[in-house]
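Student: Take a look at this one; I'll ask things after.
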Amino acid sequence: MTDKPENQTYSNHNLNIVLSRKSSSRSSSSSNASSSSARFPTEIRNIDSYSSNLTALCSTSEYNTDLTEATPLIKKDENKNQKPTKQSKAKLIKTSCSLALYSVPAVILGLILTILDAATYGIIVFPVADYIPDSATQAGISMFLSSTFVSQLIYTFGSEFKGVNGSMMIEVMPFLHLMCSTIVNMIPEASDEAKMSNIMLVYAVSTLLTGIIFLIIGFFKLGNIISFFPRHILIGCIGGIGVFLFVTGIKVTSRVTAGLGNYDDLLKLFEPKILMLWSSSLILAISLKCIQKKIKHPLFVPCFYSSVNIETLRLSGWLFSLPKNNGEVPFYTYWTYFDFSLIDVEAFFACVPTILALTFFGILHVPINVPALSVSTNQQVNINTEIVMHGFSNLFSGLIGSCQNYLVYTNSVLFFRSGGDSRIAGFLLTVAVGICFFYASSVILFVPVIVVGSLIFHLAIDLMIESLYDTWSSEVSNLEYLTILVIVITMTGFTEGIVAGILMACVLFVYNYSQRSVITEVTDGGEMRSTIHRPYKQQKYLDLVGSQVKILSLRGFLFFGTINQVDSYVRNHYSTEGFPYKYLVVDFSLIETVDLSAIEILKNLNIWLNDLGVKLLIVSGGGSGKEKLIHALDSNDNIEAGDAFNHFTTLEEALRFTEAELLEIYFQNLKKIEEQKKSVPASPSRDITHSKTSNDLKKKDFFNDDTTHFSPRTKIITNSAKEVLENYDDECEELAGDKEVEFKFLFDTFYLILKENQNLTRDEIYPIINSWYQYFEKVKFSKGVELWKKGYCLTIFISNFLTIDVSSDTSEVLYIVESGQLSKVNNNRIIESLFTGTMVGELCFFTEQPRTCSLVVSEDSVLWKMRKADYEKMILESPKHAVNFTRMALTFDAERMYTIVNRNY
């Protein structure tokens, strides 16, 4: 069978090509009926050229798209192991030639752009100065083209992009001129040859260093890190370069070799002859900007400058002056400037700061250009691979004595959209640039000064608009714009400008980060509790006194710019609310790092709180970045004994500490009740009403104690203890033997829950608890016993005498802790501790769901156990009391779930 023809539409460089492809499958009856070769399109519409069709064909995933490899244009999966035939070789040659012809327009465009850039920026590789030789203009163009040739060659065969353009980095010109000025100032009496030798050395070394840095970043895959460098610093540098190019454009067109820093030099610019030279270029550049508002085609700028007429006289300054030998300057001239015997070491090291600044600035373009080009051309690339290629291109450029280079985004997009989306096109452009390199000296002789000057002014205006105007109306903040403005102003010394930008960025970071609150959450002990599951009465008491524990959760970086938030919050709220809490817990678990200033302020805050009777509890959370904090907390150097830090590793430890101290007052009050109870004779009557009256007499004096002399915090805690203990009732019917003691424990555990949550009276509660008593069994376990495991269980009842328990886990039982300690364990971590008066296992007991964690005996324990069979028996014998028990047990679970939810939140 033959599949239906499948139509595919390709859009490639404004050409709509519709390919109709038929694919056939193998048939068992005729093995030769179908060909394993991929078929070329059988129907091609809108044919402008055969090469266009081949380009569209090669863009599909079914065909080999890398035409630089010696493989036939066939389906990879079907002819993987076939040897190339004469026919396939012929097709390859024909395809390559067609693709090369198709790439010619893009190559011509790329060459024009390169020549324009070389003529414009190659002539300013060296500043306009008396010590610069006449051949420097042509030599600068040769350096520009050699750097461009190296980058184009490496990017063509090494980059993951297809159809990428490389060029010498024009943004480095200000740094190059600054290094020239530094050398001249260091060796003013040296010969012009010595100055040029030193200049060429620092040029080459700066390029080599840039390449080495790129290789290090790429090999260690740090490409994404440099992407996070503050963008507004780069924008400020671009604006500074725009100002530099504007001044350079005036110098190039006016031929003024002196600086423009004094009044006499400025007056000279307005002499009629000189004014006409530079003003005509400026007017031409402004005219171009105005026309560009109407004509936005990317080819407009090259066409505009190609139309400028070359009819002016060289003697009038409208063409560049001819050097000696009638303008014949060999391509290797700039290599003759090197003379290592004339190198001045002091002058070289004086340029090191500028070299470092140039290297730093050079690496910032790649993380901008590469992602932008990837989006524009729809090609996915690895930024680290591109950085490595930039490293090699700059390394080789430095070895041949040239300047930095990089991937040019604008030229690459134009090249790609004009048909240069293949490695063949990139290779052809490389060859063209190489040929141009040998004849560079002839190019500049016939380019009018007005063209070069207007191009420089055009770029200068573009950069200044991008830096100063576009950012004004964008989302850049006022402080960021101020940073850009400062960099532009201070970029008269480019190293100083970058340093000023980095310093302002640091200040801006500190300011912006200090405006973000490091206090992420403020809670108290009533909302945030430890994982200890305590008896209901103690939990009730801790709920009432929870406001005595204030918890601050911090996050981010705690340094001199943010620690004041914590200090101000504590002091202001404490002064406003009077004496609101007894414990202040500051949780540093989510803090990344703490500096020395923050530790000093914490020490002062701790002393201030101690004077007010408040304990400061620091939760370090451990981890890297907080070693200084942990050392200060543990050592307590230069701190008096009363002002020492209370340091805890986890928030759980701090919460347990506060709860333990708060419960001390609770137990002290409970002890008073016990002592007063002994002072009143017990009633021999078994009447419950009489027992209640007797119990009231025992507690009367205690609850009438005067607390007016207590401090506000102590009064809150004491009154909370009294409120809970007012409901304390330890009377029950006298039962024979040890049963009275056992019954008393269950009564104490359940009484307050039933009274508050089910609105039952004491007379109703007593018979309910008494009925539950018979369904419990008292058991003992030694430390280390695992009562159940996490997960499912399967218990099989074969007969009344034989039971098979497949797993040690069981959902058939719940426990109440009378003494000792149990621990819930999940993934080898204790998630909850249970003490006297707590119930465990009730949720799975009722729902018959698998255990969510394991239960381990942490200390020798006495437990009360209820089996599922006993509970079902209770339902049959006393259904109303069974309902009361279920509600009471779920109340235990609700209290525990409330604590867990708050901790997770």
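If you go along the chain as it appears here, the first residue is 1 and each next one adds 1.
In case you wondered, yes, glycine gets a Cβ from its N, Cα and C as well.
Curation plays no part in TrEMBL annotations; they are all automatic predictions.
Feature table excerpt (TrEMBL):
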- 7-17: compositional bias 'Polar residues' (COMPBIAS)
- 20-38: compositional bias 'Low complexity' (COMPBIAS)
- 549-658: domain 'STAS' (DOMAIN)
- 808-875: domain 'Cyclic nucleotide-binding' (DOMAIN)
- 1-38: region 'Disordered' (REGION)
- 99-124: transmembrane segment (TRANSMEM)
- 136-157: transmembrane segment (TRANSMEM)
- 169-187: transmembrane segment (TRANSMEM)
- 199-220: transmembrane segment (TRANSMEM)
- 232-254: transmembrane segment (TRANSMEM)
- 274-291: transmembrane segment (TRANSMEM)
- 347-368: transmembrane segment (TRANSMEM)
- 395-416: transmembrane segment (TRANSMEM)
- 428-461: transmembrane segment (TRANSMEM)
- 481-511: transmembrane segment (TRANSMEM)
Student: Please work out the helix, strand and coil residue numbers for the domain 'Cyclic nucleotide-binding' (808-875) from the DSSP assignment.
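Tutor: Secondary-structure composition of the domain 'Cyclic nucleotide-binding' (808-875): 14 helix, 37 strand, 17 coil.
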Student: What residues elsewhere in the chain lie close to the transmembrane segment (169-187), defined as a C-beta under 8 angstroms and at least 6 residues from its ends?
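Tutor: Sequence-remote neighbours of the transmembrane segment (169-187) are 117, 121, 124-127, 129, 131, 194-195, 198-199, 202-203, 206, 237-238, 240-241, 244-245, 248, 344, 346-347, 350-351, 354-355, 357-358, 361-362, 365, 403-406, 459, 491, 493-495.
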Student: Among 232-254, 274-291, 395-416, which stretch has the highest count of C-beta pairs below 8 Å with the transmembrane segment (136-157)?
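Tutor: Between the stretches 232-254, 274-291, 395-416, 395-416 has the largest tally.
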Student: Pairs of Cβ atoms less than 8 Å apart decide it: which stretch in 274-291, 395-416, 481-511 has the most with the transmembrane segment (99-124)?
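Tutor: So the stretch in question is 395-416.
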Student: Test the contact criterion for the transmembrane segment (395-416) and the transmembrane segment (232-254): 3 or more CB pairs under 8 Å, pairs 6 or more apart in sequence, then answer yes or no.
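Tutor: Counting Cβ pairs under 8 Å (6 or more apart in sequence), the transmembrane segment (395-416) does not reach the transmembrane segment (232-254), since there are fewer than 3.
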Student: Per the definition of 3+ C-beta pairs under 8 A with sequence separation of 6 or more, do the transmembrane segment (481-511) and the transmembrane segment (199-220) touch?
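Tutor: Touching, no - the transmembrane segment (481-511) and the transmembrane segment (199-220) miss the threshold of 3 or more Cβ pairs under 8 Å.
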Student: Give me the stretch from 199-220, 232-254, 274-291 with the greatest number of Cβ pairs under 8 Å to the transmembrane segment (347-368).
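Tutor: Result: 199-220.
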Student: Any residues 6+ beyond the ends of the transmembrane segment (232-254) with a Cβ under 8 Å from its own?
Tutor: 123-124, 127-128, 171, 173-174, 177, 260, 269, 274, 277-278, 280-282, 361, 364, 368, 449-450, 452-453, 456-457, 459-464, 466-468, 471, 476, 480-481, 483-488, 490-492, 494, 497-498, 501-502, 505
